[in-house]
Amino acid sequence: MARGRFITFEGIDGAGKTTHLAWFREQLEQKLAAAGRTVVMTREPGGTPMGEKLREILLNEPMDLETEALLMFAARREHLARVIEPALVRGDWVLSDRFTDATFAYQGGGRGLPRDKLETLERWVQGGFQPDLTVLFDIDPDTASERRGAARAPDRFESETDAFFTRTRAEYLRRAEEAPYRFAIVDSSQSIEEIRRKLEQVIAAF
Ligand code: TYD
């Protein structure tokens, strides 16, 4: 069977990514079932037993910024080697809730780690490998902050300031400008119905 495809979902916290991901997955599964293809759902940081342990640390323990970036990429290496790459070789399609664009956006844009360091790690960990499609849920930080609300105890990222998310969003958009052929930007301030229509177009075009 031909190699599978790798699709990632991105956006600042509160952009509604998780809600739409579940629906997107169902749509994709329906379309691919006829072709005998399986959809593998995964997430970052995480996606492997070790990656999930690193996620727990990354979301909760205060740490040096460089440590944070290195652990994100360490978890990613494990994820690529043990889950993503074998699945694509089997012919499965892989859907990941976040990937490397999140490190550029959060550790680079949000926290201010120099981009050249992240580019070095990106080349080291994944060579030229990139998602075939990245769906970016774009929203202004004010609306995102309202949506995040106070429903549950926020983690180290969710509790960041609007200024942090303004920089994070800007870096996501810069990454999209740099690689327009793999990005689909969804205006996340729209209604759920409007967003689903847009996602249907994205799947059809892809
Ligand atoms: P998120 O994907 O938002 O999951 P949930 O919806 O369960 O909270 O949580 C992951 C957090 O990790 C998110 O705040 C962004 C952050 N993150 C980084 O800072 N860098 C990265 O490279 C990745 C993958 C995630």
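Glycine is no exception: its Cβ is also placed from the backbone N, Cα and C atoms.
TrEMBL does not curate its annotations; it predicts them automatically.
According to TrEMBL:
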| type | residues | note |
| --- | --- | --- |
| DOMAIN | 9-198 | domain 'Thymidylate kinase-like' |
| BINDING | Gly11, Ile12, Asp13, Gly14, Ala15, Gly16, Lys17, Thr18 | ATP binding site |
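Structural mapping of features recorded in TrEMBL.
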residue: Gly11; record: ATP binding site; contacts (Cβ under 8 Å, 6+ apart): Lys17, Leu136, Phe137, Asp138, Ile139, Tyr172, Ser188
residue: Ile12; record: ATP binding site; contacts (Cβ under 8 Å, 6+ apart): Ala105, Ile139, Pro141, Ala144, Phe165, Thr168, Arg169, Tyr172
residue: Asp13; record: ATP binding site; contacts (Cβ under 8 Å, 6+ apart): Ala144, Arg148, Phe157, Glu158, Glu160, Phe165
residue: Gly14; record: ATP binding site; contacts (Cβ under 8 Å, 6+ apart): Ile139, Thr143, Ala144, Ser145, Glu146, Arg147, Arg148, Glu158
residue: Ala15; record: ATP binding site; contacts (Cβ under 8 Å, 6+ apart): Phe137, Asp138, Ile139, Ala144, Arg147, Ser188
residue: Gly16; record: ATP binding site; contacts (Cβ under 8 Å, 6+ apart): Phe137, Ile139, Arg147, Ser188, Ile195
residue: Thr18; record: ATP binding site; contacts (Cβ under 8 Å, 6+ apart): Asp97
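In the three-state DSSP assignment, the secondary structure recorded for Thr18 (ATP binding site) is helix. Checked against ligand 1, the binding-site residues Gly11, Asp13, Gly14, Gly16, Lys17, Thr18 give Asp13, Thr18 in sequence order as having a Cβ less than 6 Å away from one of its atoms. Annotated ATP site Gly11, Ile12, Asp13, Gly14, Ala15, Gly16, Lys17, Thr18; additional same-chain residues within 8 Å of its Cβ mean position, judged by their own Cβ, are Phe137, Ile139, Ala144, Arg147, Ser188. Averaged across the domain 'Thymidylate kinase-like' (9-198), the predicted model reaches a pLDDT of 96. A 10 Å cutoff on Cβ-Cβ distances gives Lys17 (ATP binding site) a total of 21 other Cβ atoms nearby, all chains included. Secondary structure at Gly11 (ATP binding site), taken from DSSP and collapsed to helix, strand or coil, is strand.
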